[in-house]
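Student: What Swiss-Prot shows for this protein is this:
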- Gly10, Ala11, Gly12, Lys13, Gly14, Thr15, Arg127, Ser136, Tyr137, Gln199: ATP binding site (BINDING)
- 30-59: region 'NMP' (REGION)
- Thr31, Arg36, Gln57, Leu58, Val59, Gly85, Phe86, Pro87, Arg88, Gln92, Arg160, Arg171: AMP binding site (BINDING)
- 126-163: region 'LID' (REGION)
- Cys130, Cys133, Cys150, Cys153: Zn(2+) binding site (BINDING)
Amino acid sequence: MRMILLGPPGAGKGTQAKLISEKYSIPHISTGDIFRKNISEKTPLGVKAKEYMDKGQLVPDELTIDLVNDRLTHEDCKKGFLLDGFPRTVKQAEALEKFLTENNQSLDTALLIDVPSSFILERMTGRRVCPSCGASYHIKFNPPKIEGLCDVCKKEVIQRKDDTEETVKERIEVYDRQTQPLVDFYSSKDQLFVVDGTQSIDQVFETISNHIEGDK
């Protein structure tokens, strides 16, 4: 199975990617991991990517595409893969399609974990973390026993900067702008499968599994 995973921040993509990877024995490939590995190993592509990142610039599409294509040639991808964080643009999606076609392969499905903005806001802005021991909480779904204090070390729990309402709204807006053209691209090719991400983790995974196994 060759799949890509789409979804807004806070949709639970990481959790589902782990479950899919384990059940179907395919690698979960994230662009962040690819960048980090190539940079730490000082590969030619990694050195180029680091030059852009050190300047605070976005890594160009062409370089990102080369890095992903290189990763997809590895032995563990022969039976399939799950791409997370790529493609982000229609240009990248077209490049992925071209790469797969040239290797006599095709994408089986583009999974979209769909979650309304109001749900994401509640899920992400409610997150709290202990700055001392790292324990995680949620003011609605998993609150500490004593309000505002960590169960483990009794320190005051905090909201990370990434989880403030303003930051979350901005991330959702960026995601919507970037992803809608991709949704249209895969929908036009009948490769898009939309999953209701407001369900429980188990329900979302069951829906995805049924779709994957129906596609085999």
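Please read every residue number as a count from 1 along the shown chain.
Each Cβ is built from the backbone N, Cα and C atoms, and glycine gets one as well.
Buried or exposed, and what's around them? Tell me for each listed feature.
Tutor: Look at Arg127 (ATP binding site): DSSP puts it in a strand.
Using DSSP to sort the residues of the region 'NMP' (30-59) gives these counts of helix, strand and coil: 21 helix, 1 strand, 8 coil.
Cβ environment of Thr31 (AMP binding site): Thr64, Leu67, Val68, Asp84, Gly85, Phe86 lie under 8 Å away, each six or more residues apart in the same chain.
Sequence-distant neighbours of Cys150 (Zn(2+) binding site) (same chain, six or more apart, CB under 8 Å from its CB) are Cys130, Ser132, Cys133, Ala135, Tyr137, Pro144, Glu156, Val157, listed in sequence order. According to DSSP, Cys150 (Zn(2+) binding site) sits in a coil region rather than a helix or strand.
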Student: 10 Å Cβ neighbour count around Arg127 (ATP binding site)?
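Tutor: So the number of other Cβ atoms within 10 Å of Arg127 (ATP binding site) is 19.
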Student: Tell me which of the binding-site residues Arg88, Arg160 sits in the most Cβ-dense spot, judged by other Cβ atoms within 10 Å.
Tutor: Arg88
Student: Filter the binding-site residues Gly10, Gly12, Gly14, Arg127, Cys153 down to those whose C-alpha lies within 10 angstroms of the C-alpha of Arg160 (AMP binding site); answer none if the list is empty.
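Tutor: Neighbours among binding-site residues, in sequence order: Arg127.
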